[in-house]
Amino acid sequence: MYSNIELFTMIAIIVLLTKPLGTYMYNIFEYKPMRSDKIFLPVENFIYKITGINPEEEMDWKKYALTFLLVNMVMMIITYFILRVQQFLPLNPTGAKNMESSLAFNTVISFMTNTNLQHYAGEDGITFLSQMIVIVFLMFTSAASGLVTAAAIMRGLSKKTTNLGNFYADFVRITVRLLLPISMLATLILVWQGVPQTFAGKVVVDTLEGGKQTIITGPVAVLESIKHLGTNGGGFFGANSSHPFENPTWLTNMIEMLLMMLLPTSLIYTYGLMINNKKHALVLYISLFVIFILLAVGAVYAENHPGVAYSKLHIYGKPYGNYEGKEVRFGVSQSPLFATVTTAFTTGSVDSMHDSYTPLGGAVPLILMMLNTIFGGDGAGLQNIIMYTILTVFLTGLMVGRTPEYLGRKIETKEIKLIALAILVHPFLILFSSALTVMLKVGASSVTNPLYHGLTQVLYEFSSAAANNGSEFAGFIGNTVFMNIMTGLVMFFGRYITIILMLAVAGSMAEKIPAPPSPGTFRTDNAIFGAIFIAVVLIVGALTFFPAVILGPISEFLSMT
């Protein structure tokens, strides 16, 4: 009962914030005059001046995509070398060593792609300086990269020009006007609730037993805010948001979930304003929340009713649920709700150990990452939603014998080939990598559980990497050379191939002259379209991943009953 109240309270707050924040992002993307210009314009102009950026330069989709890639590659190279020499740099109170080459490769790709898959423990694997100028820096820039490429795609679908904007100007504006202000406010709230923000490093305390204990602190709050606002997910500590210094109270737990949901939901309203069709955006908004609520309720129910196998242990049962791997302060209801939010919005932070969930409870976050469309992360999620929207319109047009049109522009062979390729990249990366891992001894050695749960561990690892989520079944051994390279490549291709293909779709659609709606135009702003959209998302996901899910969590569930 409590979890349902929390779920719908959280959704109500997000719904109230969607319109004002969505409008604000629209004004940022469209360069509208704002009252805050007197604060932000001088900062932006200073950045343009010292970097030599010309914010008036126009870019077509090819130049926008190339600039996006080059900027991201440069940031990855610089941060890679910082991690490789971090022990020789200042602000290293914990004595962290230089990061091993394959782990550094995995880490910089992980954070630059907004995945934040962590094969290291933050307490001793990385310095305070690296936390700030590598981890936090990439958390801001990866979120900004996703948001501005989404803005470029929205312009391509809504404008009568092939100019998709200026990557540099978009990047600066979204960072200065959106990510930094909200992160600063969230940081202050988290500090108020007890999250550390200090350079003190180690604190040695006397325990009740008379011994000594070393407690690691650090600049945690500033990381924690952008970690969730930017749908990043990487933790300052190895235990992530289950650690009391990252997530000390039920209020911080709620705030972190709200931060994860804030930008992806509001971006759908921004999309409605950009295409001048708020009803269409509302249909997408409701459709996605329908799927999200059903899966959230399912996850909470599965963890509260763990089944016969748990009841026989005489420590679990209907009154208590599955407490294994969960923090007592969050319990068996808040934990799966957090797991649903973190995988639906591709953040990847965890306040409980997903590897300890029941088979069906663990299947929910796995399915959300496989679908990779239920809101998703900052910017990248909207791109996937648009991808499935165009596919839905195309399939519907084929069924009724009409030429498919979206926003007045015909969907032709070129666009649908690009869309099909973008959709296929995600399952190919997951299934091929999972199959290769279980076939090779060097990969199978990372699996720590037999039979069905072991396969689920592998599927979860690569689903998380391909979806740019970053959460893990923590029992899986990720920090090996093979897994660092494999997941690094999956994260890289899962991020950049899809974004570039969607920019190409936007560029192709921008070249077409939009036609006014006719009586034969399939409407995308009613309940019929919403139902078909849900069906397409679920059917495509089911057909692609159903055999693997059957062999993993569903078989494990059946074996326990």
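Keep in mind that glycine also has a Cβ here, set from the backbone N, Cα and C atoms.
Taken from Swiss-Prot, the feature transmembrane segment covers 5-25, 63-83, 103-122, 133-153, 179-199, 255-275, 281-301, 380-400, 418-438, 485-505, 531-551.
Sequence-distant residue pairs (6 or more apart) of the transmembrane segment (418-438) and the transmembrane segment (63-83) include fewer than 3 whose Cβ atoms are under 8 Å, leaving the two stretches without contact.
Using a Cβ-Cβ cut-off under 8 Å and counting only residues 6 or more beyond its ends in the same chain, the transmembrane segment (281-301) has close neighbours at 3-4, 7, 11, 18, 265, 268-269, 271-273, 275, 332-333, 336-337, 339-341, 344, 360-361, 364-365, 367-368, 371, 373-375, 385, 389, 524-527, 529-531, 533-534, 537-538. Scored by C-beta pairs under 8 angstroms, the transmembrane segment (179-199) has its highest count with 133-153, from the stretches 103-122, 133-153, 485-505, 531-551. With a cut-off of 8 Å between Cβ atoms, the residues of this chain six or more beyond the transmembrane segment (485-505) that come close are 61, 64-65, 68-69, 72, 102, 105-106, 109-110, 113-115, 117, 119, 146, 149, 152-153, 156, 164, 380, 383-384, 386-387, 390, 415, 418-419, 421-422, 425-426, 429-430, 433, 436-437, 443, 461-462, 465-468, 478. Of the candidate ranges 5-25, 63-83, 103-122, 133-153, 380-400, 5-25 contributes the most Cβ pairs within a distance under 8 Å of the transmembrane segment (255-275). Beyond the transmembrane segment (133-153), the same-chain residues lying 6 or more positions past its ends with a Cβ under 8 Å from any Cβ of the stretch are 25, 29, 61, 64, 68, 71-72, 75, 79, 82-83, 107-108, 111-114, 116, 126, 164-165, 167, 170-171, 174-175, 178-180, 183, 222-223, 226-227, 229-232, 234, 263, 267, 377-380, 382-383, 386, 499, 502-503, 505-506. When Cβ-Cβ distances below 8 Å are used as the criterion, the transmembrane segment (5-25) is approached by residues 147, 174, 178, 254, 257-258, 261-263, 265-270, 272-273, 285, 289, 293, 296-297, 300, 333-334, 337 of the same chain, each at least six residues removed from its ends.
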